[in-house]
Amino acid sequence: MTIAIGKSSEEPKGLFDSMDDWLRRDRFVFVGWSGLLLFPCAYFALGGWFTGTTFVTSWYTHGLASSYLEGCNFLTAAVSTPANSLAHSLLLLWGPEAQGDFTRWCQLGGLWTFVALHGAFGLIGFMLRQFELARSVQLRPYNAIAFSGPIAVFVSVFLIYPLGQSGWFFAPSFGVAAIFRFILFFQGFHNWTLNPFHMMGVAGVLGAALLCAIHGATVENTLFEDGDGANTFRAFNPTQSEETYSMVTANRFWSQIFGVAFSNKRWLHFFMLFVPVTGLWMSAIGVVGLALNLRAYDFVSQEIRAAEDPEFETFYTKNILLNEGIRAWMAAQDQPHENLVFPEEVLPRGNAL
């Protein structure tokens, strides 16, 4: 037996190397350097949302009840945006508005900026987590690239849009019914459904759902029968080394259905990645345009003709009138601080009123 005497040739690890070893260690839930951003931000964003929807009123910012404590349910509770008078203030707890008073900070809408900013950085941390893990196991980074779509939509809707308007007040509040109100607002004040970027977004998301359904059904239909099990998967073995389904059979089937079909898996799966991510990015670009109050597809000639000819009406002119109704009814309720009062004769009336 040989005994080595003397100092180890290994250099002592520095702080960075020690942290790197601990953060990137193989464990049940990977932490990583991205976790230093993801986990605290996700914790604070979710904690702020649960706190706000449970306890905090929107009486001082919107004149509304918005918490479980006030009688709201899961669909009507929300963390509401700050008052319009606070413009684009970050509403820091220690800032000049709240001056360290937590109750006052909640009343002013401080939880909304808290949730929005921590939520944005939490999403970015999640994307970085996918980059980091992909690099660790030597994968391509397409998962992270795909997740840039939801991040772009979140940042454009919750941060860039209100930055282009007069304040955070015009961003969506964090709640189900609150988001519905925001959608109605977008339609009435921006004619959003006729915006080509919205159209591309809808085509991307619904097209992706269609592709996902077709792809899943096709794979199920062409699974190799490799056992005597009774269910769809037969005796499918999760560790089998051979191919699970027949691409050749799938190609023949869709060639007969449509006349064209994907001939290789790489192009097929890239297309399934490209369609929804591009749709989400187009929507985000469109919302940035709305932040600047850009308009799209105003068919003025139809509006003029409809105004001159009582018998001429299109679905477009009908929608324009509906948008005017949304604005007239919504503005006074939605922006109580403006003290808007519309004469009775200008408010649109349905047949039942």
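All positions are counted from 1 along the displayed chain.
Backbone N, Cα and C define each Cβ position, glycine as well.
On a predicted model such as this, the values are computed, not experimentally measured, just so you know.
Among the ranges 27-40, 153-166, 265-278, the one that Swiss-Prot lists as transmembrane segment is 153-166.
Feature transmembrane segment, per Swiss-Prot, maps to range 41-61 of the set 41-61, 104-124, 167-187. Listed ranges 6-22, 125-141, 329-345; the one Swiss-Prot annotates as transmembrane segment is 125-141. Scored on C-beta pairs under 8 angstroms, the neighbour of the transmembrane segment (41-61) with the top count among 125-141, 153-166, 208-228, 279-295 is 125-141. Note: HIS215 (plastoquinone binding site) has non-local neighbours LEU268, MET272, i.e. same-chain residues 6+ apart with C-beta under 8 A of its own C-beta.
Sequence-distant contacts of the transmembrane segment (125-141) (same chain, at least 6 residues past either end, Cβ-Cβ under 8 Å): 24, 30, 32-35, 37-39, 41-42, 147-148, 151. The C-beta environment of ASN143 (pheophytin a binding site), restricted to residues of the same chain at least 6 apart in sequence and closer than 8 Å, consists of GLN130, ALA134.
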